[in-house]
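Q: The following block contains the structure, expressed as structure tokens.
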Amino acid sequence: MEASSVILMGFTASLCASMGTTVGSLGVLTIRHLSRRMEDGLLSLAAGIMLAATFFSLLLPALDHATADYNSEMLSAFVVALGVLLGAGTLFFIHQRTPHEHFKTGREGASASRLSRIWLFVIAITLHNFPEGLAVGVGFAGGEITNGISLAVGIGLQNIPEGLAVSVALLSVGYSPMRSAMIGIASGLVEPVGGLVGAVAVSTMAAFMPWALAFAAGAMLFIISDEIIPETHQNGNQNLATFSLLFGFVIMMILDVALA
Ligand SMILES: [Zn+2]
């Protein structure tokens, strides 16, 4: 398959996946409030989908490509392991440097600390949409259309609760419903950017493919472990969070098998 069509597919698919964020964000116009319990459950569901997408649509293809490239399963495992650690390490580095403090300025009706907590959450979701887009973009590597589509569907699905959570959080600190929805939608626009970067990387340098898939997997694992799981286990909803994650995982696993 031509490099240009892989790039076009990767970009279009990641743009479609970001529509999930749009749908979820617009949900704020009807669903004005989410209980903490509901929010923890929804975000855990998203994390479960991300987790399964990481394994079935990124790590397995990464290992396949690497084994074909290097003619050795052992070497393939090492390359993919290194790629995962690089992806996670890069995200860690970016996280350390994100200037969250910029958003501490107060606003009427909400305490400064609550406002900055909400903005931290908005930034966190926005940031994590980049590796998600990257994942979708690299998912089409080598013209593997079904793999790319199953990733785009899974990522798109888990964007719905994420977009809703972002917009409802903004509404709760005093932004108007329309503004909350718009900021939520904007947080999803990072995704096609990631998609384009990923698709260009894998289609211009074939040797880069297992690395890119593994890198995206590491970035996703970092976010799930560093952000979503601790966040959703903080408010006494651990059991719900755990089972929502498992439920999201099996949904994505079934989706992956069904589309393959
Ligand atoms: Zn996500």
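Every residue, even glycine, has its Cβ placed from backbone N, Cα and C.
The feature transmembrane segment is assigned by TrEMBL to 6-29, 41-63, 75-94, 115-131, 151-171, 183-202, 208-228, 240-259.
Situate these features within the shown structure.
A: With a threshold of 8 Å between CB atoms, the same-chain residues lying at least 6 positions outside the transmembrane segment (115-131) that come near it are 18, 21, 87, 91, 94-95, 98, 100-101, 103-104, 106-107, 159, 162, 165-166, 169-170, 172-173, 183, 186-188, 190-191, 193-194, 216, 219-220, 223, 227, 231.
Using a Cβ-Cβ cut-off under 8 Å and counting only residues 6 or more beyond its ends in the same chain, the transmembrane segment (151-171) has close neighbours at 13-14, 16-28, 31-34, 39, 42-43, 45-47, 49-50, 52-53, 57-58, 118, 121-122, 125, 129, 132-133, 135-136, 139, 177, 179-181, 183-185, 187-188, 191, 248, 251-252, 255-256, 259.
Residues 6-11, 13-15, 17-22, 24-26, 28, 122, 125-127, 129-142, 155, 159, 163-164, 166-167, 170, 175, 208-209, 212-213, 216 of the same chain, all 6+ positions outside the transmembrane segment (183-202), place their C-beta atoms under 8 angstroms from a C-beta of that stretch.
Away from its own ends, the transmembrane segment (240-259) comes close to residues 37, 40-42, 44-53, 56-57, 146, 149-150, 153-154, 157-158, 229, 232-233 of its chain (Cβ-Cβ under 8 Å, at least six residues beyond either end).
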